[in-house]
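Student: Below are the features listed in Swiss-Prot for this protein:
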| type | residues | note |
| --- | --- | --- |
| TRANSMEM | 33-53 | transmembrane segment |
| TRANSMEM | 77-98 | transmembrane segment |
| BINDING | His83, His182 | heme b b562 binding site |
| BINDING | His97, His196 | heme b b566 binding site |
| TRANSMEM | 113-133 | transmembrane segment |
| TRANSMEM | 178-198 | transmembrane segment |
| BINDING | His201 | ubiquinone binding site |
| TRANSMEM | 226-246 | transmembrane segment |
| TRANSMEM | 288-308 | transmembrane segment |
| TRANSMEM | 320-340 | transmembrane segment |
| TRANSMEM | 347-367 | transmembrane segment |
Amino acid sequence: MTNIRKTHPLAKIINDSFIDLPAPSNISTWWNFGSLLGICLILQILTGLFLAMHYTSDTTTAFSSVTHICRDVNYGWIIRYMHANGASLFFICLFLHVGRGLYYGSYMFPETWNIGIILLFTVMATAFMGYVLPWGQMSFWGATVITNLLSAIPYIGTNLVEWIWGGFSVDKATLTRFFTFHFILPFIILTLAVIHLLFLHETGSNNPSGIPSNSDKIPFHPYYTVKDALGALLLTLTLMTLVLFSPDLLGDPDNYIPANPLNTPPHIKPEWYFLFAYAILRSIPSKLGGVLALVLSISILAIIPLLHTSKQRSMMFRPLSQCLFWLLVADLLTLTWIGGQPVEHPFIIIGQLASILYFTILLILMPAVGIIENNLLKW
């Protein structure tokens, strides 16, 4: 008798995706982050669902409803902190996942890569709107500053900002619509993630060598299910350590002060995972220029496949490209640090130099080094 998992219409889909899926035999731990992102997403949806049961999206009660969740709801504090710190781990996994894609040339699967970029933008939008919901000082002023950037768009800018706000300032209407979108977007992300997987399974996974591995495939289960289970265990351990020992480590203390439109915090800054983009935004004196640089800092990923000049897919055997890649990582860490600093000397010039270096590495140096490496190998 044929196994039900291979014949049943629904079980067959799961079987072909997670059990009998042919996978390269040499994929490393860097390939674990896809499954970890899936776990993060499900965790965020579940904790978010329970938070939404007790949260009220009204400017007068939003802050106190979060306090109520932490003080009065059974295990509300742990749900709230798992959701907040889960977002941080989500972004850590996202950045490592994208970094893996850049290093090993996974961007040569254009459909999967482009859906991934859309996913990145959607997750960033969701996280930004979620940060506004507790209605603390940084929530309010972060929302005001970031939405106000759209006013830099010529001609329609001001109307666009007021349309998003639902009035002449960030107020009740803004909070309500942000809650609505913050609730619906994770389900859109889930759908996009399924499409992302669908496109990936059309081509099969890349591997560290960048060489087609069709002649050497192994079943996903048990090899990679066990490997993913270990990753999940370590992710859970990291999350719970963060939640139970230092839940506010990655948050901003200003967000424990209720939102007050009459009192501006000394340093308005977003969550840590947006600081690199925020530093690029601030490093350009012109408002419109800054907004364009901000958008380009992420959307530049879309043209990475066009800038691939090397005859090898992966960076595994390309030491010069490896040096540039790690320089890019160091540069992004520098930008993250600068984004959290006040706008004063020497941080301004460091931010400007780091921003220039970021675009120079991706647009000029990496393609040039690819050509140099081809010539060194006489290819």
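From the backbone N, Cα and C atoms, a Cβ is placed for every residue, glycine too.
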Student: CA-CA, which of the binding-site residues His97, His196, His201 lies nearest His182 (heme b b562 binding site)?
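Tutor: The smallest Cα gap between His182 (heme b b562 binding site) and any of the binding-site residues is with His196.
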Student: So which residues does the transmembrane segment (320-340) touch in its own chain, when a touch means Cβ under 8 Å and the partner is 6 or more beyond its ends?
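Tutor: Residues 99, 102-103, 269-270, 272, 274-280, 282, 310, 347, 350-351, 354-355, 357-358, 361-362, 365-366, 369-370, 372-373.
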Student: Out of His97, His196, His201, the binding-site residues in the record, which is closest to His83 (heme b b562 binding site) when you go by Cα distance?
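Tutor: Minimum Cα distance from His83 (heme b b562 binding site) across His97, His196, His201 lands on His97.
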Student: Give residue numbers and ranges for long-range contacts of the transmembrane segment (347-367): same chain, 6 or more residues beyond its ends, CB-CB under 8 A.
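Tutor: Contacts with the transmembrane segment (347-367): 279-280, 282-284, 293, 296-297, 300, 304, 307-309, 321, 324, 327-328, 331-332, 334-335, 338-339, 341.
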Student: Does the chain bring the transmembrane segment (226-246) near the transmembrane segment (77-98), so that three or more CB pairs sit under 8 Å (pairs 6 or more apart in sequence)?
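Tutor: Yes, these stretches are in contact.
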Student: Restricting to the same chain and to residues at least six past its boundaries, which positions have a Cβ under 8 Å from a Cβ of the transmembrane segment (178-198)?
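Tutor: Sequence-remote neighbours of the transmembrane segment (178-198) are 17, 37-38, 41, 44-45, 48, 52, 55, 57, 112, 115-116, 118-119, 122-123, 125-126, 129-130, 132-133, 143.
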Student: Sequence-remote contacts (6 or more beyond its ends) of the transmembrane segment (288-308), Cβ cut-off under 8 Å?
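Tutor: Same-chain residues near the transmembrane segment (288-308) but 6 or more away: 98, 102, 105, 107-108, 110, 113-114, 117, 120-121, 124, 149-150, 152-154, 276-278, 280-282, 355, 358-359, 362-363, 366-367, 370.
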Student: If one looks at the chain holding His196 (heme b b566 binding site), which residues at least 6 apart in sequence have a CB under 8 angstroms from its CB?
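Tutor: Long-range Cβ contacts: Thr112, Ile115, Gly116, Leu119.
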Student: By a Cβ-Cβ criterion of under 8 Å, what residues six or more beyond either terminus of the transmembrane segment (77-98) are in contact with it?
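Tutor: Distant Cβ neighbours of the transmembrane segment (77-98) are 30, 33-34, 36-37, 40-41, 43-44, 47-48, 50-51, 66, 69-71, 116, 120, 123, 127, 130, 235, 238-239, 242-244, 247, 250-251, 271-273, 301.
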